[in-house]
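Novice: Sharing the record's features from TrEMBL:
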| type | residues | note |
| --- | --- | --- |
| SIGNAL | 1-17 | signal peptide |
| DOMAIN | 65-170 | domain 'Cytochrome c' |
| BINDING | Cys87, Cys90, His91, His107 | heme c 1 binding site |
| REGION | 98-117 | region 'Disordered' |
| DOMAIN | 219-331 | domain 'Cytochrome c' |
| BINDING | Cys233, Cys236, His237, Met306 | heme c 2 binding site |
Amino acid sequence: MKLILLLALILSSHAYAQGGQGHQGGMHKGDHHGGMHGGELDAATLKQFFEPLPASIIDEKKNETLIKLGRMLYMDPRLSVNDKIACNSCHQLNKFGVDNEPTSPGHEGKRGGRNSPTTLNAALHIAQFWDGRARDVEEQALGPILNPIEMGMPSEEAVVNKLKKIEEYQDLFPKAFKDDKDPFQYKNVGKAIGAFERTLLTPSRFDDYLKGDKDALTADEKRGLKKFVHMGCATCHNGIVIGGNSFKKLGLVEPFETDDLGRYEVTGIESDKHVFKVPSLRNITKTGPYFHDGSVETLDEAIRLMAKHQLGRQVGDSFIRDVKAFLGSLTEKGKE
Ligand code: HEC
Ligand code: HEC
């Protein structure tokens, strides 16, 4: 059923997507251009693809101390070997959970090969990292602390011993892990940071729209949403975080040049070469540069490359402009 609907949508969209080519450079306000006769996607279609963000995914009252501890650890550069790098260095909460760099400098200034994805809404993804090698945010958080080019701590024991000597933690760990005989365990660092990350949800105007407030999006944004769905972007970028829920090949239709083997490095399965987790598009206008290696500087270019490599389609300026307008509606309300 879903598939049939989708095919119908893609086929019916073909004509106007082509038509969009001829409109480059023109100003198009309102719903009057070629083949786009007004109207919005109906509620049933929206429901097929998208779901609003839940109000909460962790009991913030019950887990108050755990979350407080997690936040403190997230912000604390003492989790790194030279007291210089915190989670927040690469995933800055006042920069939508990223550092806006193609790749990120670690404790010695060395950079890895991948772009820092945002921690906002990440707890809702099916798995963590571009290749999905960590199951959840709790497991993920334990990686960077020991990663030699990120935070560079030599061992789990070294982390625990360091935290034990810090007054705030002497107080908070036992309170947050009341039931543990030994609250100072490395895995508890991950549990606390993970709990904090579960609070990092960013409701947007698009959520209001999905919940029925038809005025929550502008005419441009609605047109962009329609193009996004009709073109087929939503076959991969869908669900609660508009992505984050599947793994797909980069260069599905037209090969994309990259040395990164992606998910193949996790599974060893041939068909997983150059497969990546489909990124969430929430806050996407704020989290550039783009792609797993940060090689794509602008959102315009990211949209154009996606259409070309994932869908085998050439898109013009009007498509890019409208889809970008829609993507802007995915930014956290009040921070647009
Ligand atoms: C030196 C920069 C750096 C630091 C420090 C760092 N990260 Fe990351 N983080 C990255 C990069 C780069 C990736 C992507 C790596 C990959 O996919 O292979 C990433 C991935 C993630 C993800 C996965 C998000 C997703 O969409 O898959 C989460 C969550 C995350 N980091 C949280 C943290 C936490 C928590 C800390 C602190 C304990 C931390 N990071 C420290 C650079 C950093
Ligand atoms: C077949 C699945 C698929 C389709 C269809 C698809 N994408 Fe993507 N998209 C991906 C994957 C996978 C990535 C990650 C690319 C990478 O790792 O370098 C991505 C990345 C992106 C990014 C960059 C995200 C970031 O954080 O760097 C944007 C923006 C984007 N897609 C928008 C779109 C738009 C707009 C369309 C429709 C024109 C579209 N995508 C169609 C799978 C898809």
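The first residue you see is number 1, and the count goes up from there.
Placed from the backbone N, Cα and C atoms, the Cβ positions cover glycine too.
Quick caveat, the model's predicted, so the values are computed rather than measured.
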Novice: List, in residue order, those binding-site residues out of Cys87, His107, Cys233, Cys236, His237, Met306 with a Cβ under 6 Å from any atom belonging to ligand 1.
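Specialist: Near the molecule: Cys87.
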Novice: List the Cα distance (Å, whole number) between Cys233 (heme c 2 binding site) and Cys90 (heme c 1 binding site).
Specialist: 28
Novice: Quick check: which same-chain residues outside Cys233, Cys236, His237, Met306 lie with their CB within 8 A of the centre of the heme c 2 site CB atoms?
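Specialist: So the extra residues in range turn out to be Phe228, Gly232, Ala234, Thr235, Gly243, Val278, Leu281, Gln310.
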Novice: Beyond the listed site residues Cys87, Cys90, His91, His107, identify every same-chain residue whose Cβ lies within 8 Å of the center of their Cβ atoms for the heme c 1 site.
Specialist: Ile85, Ala86, Asn88, Ser89, Asp99, Ser104, Gly106, Ser116, Pro144, Glu150, Met151
Novice: Cβ under 6 Å from ligand 2: which of the binding-site residues His91, His107, Cys233 qualify?
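Specialist: The binding-site residues passing the 6 Å Cβ test are Cys233.
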Novice: Take the domain 'Cytochrome c' (65-170) and count its residues per DSSP category (helix H/G/I, strand E/B, coil), listing them in that order.
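Specialist: Taking each residue of the domain 'Cytochrome c' (65-170) in turn, the totals are 46 helix, 6 strand, 54 coil.
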Novice: Do any residues at least six apart in sequence from His107 (heme c 1 binding site), in the same chain, have a Cβ closer than 8 Å to its Cβ, and if so which, in order?
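Specialist: Expected: Ser80, Val81, Asn82, Lys84, Ile85, Ile149, Glu150, Met151, Gly152.
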Novice: Which secondary structure state does DSSP assign to Cys233 (heme c 2 binding site), in the simple three-class scheme?
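Specialist: Going by the DSSP assignment, Cys233 (heme c 2 binding site) falls within a helical segment, counted as helix.
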Novice: Measuring CA to CA, name the entry from the binding-site residues Cys236, His237, Met306 that ends up nearest Cys87 (heme c 1 binding site).
Specialist: His237
Novice: Quick check for the class: what is the C-alpha distance, in angstrom and rounded, between His91 (heme c 1 binding site) and Met306 (heme c 2 binding site)?
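Specialist: Counting only the Cα atoms, the answer is 25 Å.
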Novice: Among the binding-site residues His91, His237, point out the residue whose Cβ has the most other Cβ atoms within 10 Å, with all shown protein chains included in the count.
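Specialist: Of the binding-site residues His91, His237, the highest Cβ count within 10 Å belongs to His237.
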Novice: If one looks at the chain holding Cys90 (heme c 1 binding site), which residues at least 6 apart in sequence have a CB under 8 angstroms from its CB?
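Specialist: Listed in sequence order, they are Val98, Asp99, Ser104, Ser116, Pro144, Glu150.
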Novice: Indicate the candidate from Cys236, Met306 with the smallest number of other Cβ atoms within 10 Å of its Cβ, considering only these binding-site residues.
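Specialist: Relative to the other binding-site residues in Cys236, Met306, Cys236 has the fewest Cβ atoms within 10 Å.
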